[in-house]
Amino acid sequence: MSEVHVHRVQPAWKKNALIDNDTYLKWYADSIKNPDKFWGKHGKRIDWFKPFSKVKNTSFDGKVSIKWFEDGLTNVSYNCIDRHLKKRGDQTAIIWEGDNPYDDKKITYNELYERVCRLANVMKKHGVKKGDRVTIYMPMIPEAAYAMLACTRIGAIHSIVFGGFSPDALAGRIVDCESTFVITADEGLRGGKSIPLKENTDKAIDIAAKNFVMVKNVLVVRRTGGKVGWAPGRDLWYHDEVATVKAECKPEKMKAEDPLFILYTSGSTGKPKGVLHTTAGYLVYASMTHQYVFDYHDGDIYWCTADVGWVTGHSYIVYGPLANGATTLMFEGVPNYPSQSRFWEVIDKHKVNIFYTAPTALRALMGAGNDPVKKTSRKSLRVLGSVGEPINPEAWEWYFNVVGNGKVPIVDTWWQTETGGILITPLPGATDLKAGSATRPFFGVKPQLVDGEGKVLEGAADGNLCITDSWPGQMRTVYGDHDRFVQTYFSTYKGKYFTGDGCRRDADGYYWITGRVDDVINVSGHRMGTAEVESALVSHDKVSEAAVVGYPHDIKGQGIYSYVTLMKGEEPTEDLRKELIAHVRKEIGAIASPDKIQFAPGLPKTRSGKIMRRILRKIAEDDFSTLGDTSTLADPAVVDDLIANRQNKKG
């Protein structure tokens, strides 16, 4: 491996940092030695209606049970809004920056309180109760945050579906959690293009009805004023409804382990999993990681560029920052609209201090050269962050030297939908940085590397990343399917949470995430199960079989490479290729569009019928010199055809 460039903690980073290296080492040791005492103390960072007396009650064995602060009573929206009103009611809670650079607004904590209470009362008026599931399918507008917080105020469980997902994907998520109330907008706006959210919702509701889940009401925010279909009695205009209710709504007293939200994520088997997070442990962990990972100080302007449809938006646009009384920026647009300078212009316009984005955006912007960055000052920046996938050292150095002018620490954070918050990360005033490494575990997090047989690897090693004990932000179950939860995360290596990621630990104890080791690919920082894309392809009537693998992609990190076998008598044509791409977009959404489709007469299978994905990956990477033993294949000649017709030939 090439020489790793270490960036030592600069004196300026250390000067006002919340944590230095000695403090990190002490706190970390305490958190591992005595988790009850450590989290008992930090559990008090949120306000409780009834304090907890039990801290940790968790087991990774057998049935797997995870409970934190279980006898306490609290409320998330109270912690994100009410408790701040006395001290910072007139402070900006949310800065909203629209798709169009001239479109922005600021919402204070007082205004946030009123809007969330009104929306909570609208839901109550229409029969939404504690424990009911509410589906949110929204653009990046403040009402998306109001909807989340209003659910938490009345104890409803929200399930947010990313606005880029198709009607079919939305319907599947409505059906799985039997949601009867949906909040959406007429249209979304992204990069100057409108997205037909209400139209998609109408289609999804029809599909859900065929699966015996009847949506009673759809609350529609007017974003663009575009024309939409309307079902009187079912559909409600947001602006009409909030005008008819009171601006006060008492927060429900929620048990620490009451469900907070469900967020669907791709798995290595076809059906998306409803990751379930609960109330108190999640909020303690999201707010604590937000404070210490980003070295958040009172008054900082904080911007995470994610969408609330992903877990990063849940934890680090809404819940973490607002629980800490921060000013959080919500961005509706994309990095390159109307120009390649957009991110940096927004940073200057709103004097952003902490900026958190994804490697895929950075690689695309890096490709546009340094000029769009250099046009802006960015002098307000104090901390930079990266999330969603491992960041390659070249992109890291560009981020550090060009965006941060070599003066701003980068926190390269590793975590997952399932973990609720950041697990492995540098801390700005404490951790020497290495380009491409997530560095060290956060407090209370016990990483372990194991080999394929489950043998624990000590010291510098390369293996599968597991976590050996619970932390408060951990998911509790797969919604409606606890067996799947145990099977997916705790059966590969007994008594350990298996992350599904490969990882290398270097001689300094730093962790380097090497990517998924299961059948999940990471496209632009978003997880996509290969099985999901395969089932979408196979549902086309001309396709007999499909296999999907990831391959290295300059911008997205990983691209989607599909091998497709057609039904007898069907001809592989360019038109069919386009038709299949459109079909996948309809089934799942644009995010799952195959980058390459290779028509193949057959797939490499063992005699027992198992597809040899290892071989398909190598061919997709144009690296077939090390295909290994193909003698176990039922028909070794298939491989020659795949190599001859590969789509990624170099040179």
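Glycine is no exception: its Cβ is also placed from the backbone N, Cα and C atoms.
Among the features that Swiss-Prot reports, CoA binding site is placed at ARG190, GLY191, GLY192, LYS193, THR312, ASN336, SER524, ARG585. Listed in sequence order, ASP99, GLY333, VAL334, ASN336, TYR337 are the same-chain residues at least 6 apart in sequence whose CB falls under 8 Å from the CB of GLY191 (CoA binding site). GLY191 (CoA binding site) falls within neither a helix nor a strand when secondary structure is assigned with DSSP, and so counts as coil.
Reduced to three states, the DSSP call for THR413 (ATP binding site) is coil. The ATP binding site annotation in Swiss-Prot covers GLY388, GLU389, PRO390, ASP412, THR413, TRP414, TRP415, GLN416, THR417, ASP501, ARG516, ARG527.
DSSP gives VAL538 (Mg(2+) binding site) a helix state. Swiss-Prot lists VAL538, HIS540, VAL543 with the feature Mg(2+) binding site.
If you look up Swiss-Prot, you'll see LYS610 marked as N6-acetyllysine.
DSSP assigns ARG585 (CoA binding site) to a helix in the three-state reduction. Rounded to a whole value, the Cα-Cα separation of THR417 (ATP binding site) and VAL538 (Mg(2+) binding site) is 28 Å.
Within the set of binding-site residues (ASN336, SER524), the lowest number of other Cβ atoms found within 10 Å of a Cβ is recorded at ASN336. The DSSP secondary structure for GLY388 (ATP binding site) is coil. For ARG585 (CoA binding site), the nearest of the binding-site residues PRO390, THR413, TRP415, HIS540 in terms of C-alpha separation is HIS540. According to DSSP, THR312 (CoA binding site) is assigned to a helical segment. Considering only the binding-site residues ARG190, LYS193, THR312, VAL538, VAL543, the residue whose Cα is spatially closest to the Cα of THR413 (ATP binding site) is THR312.
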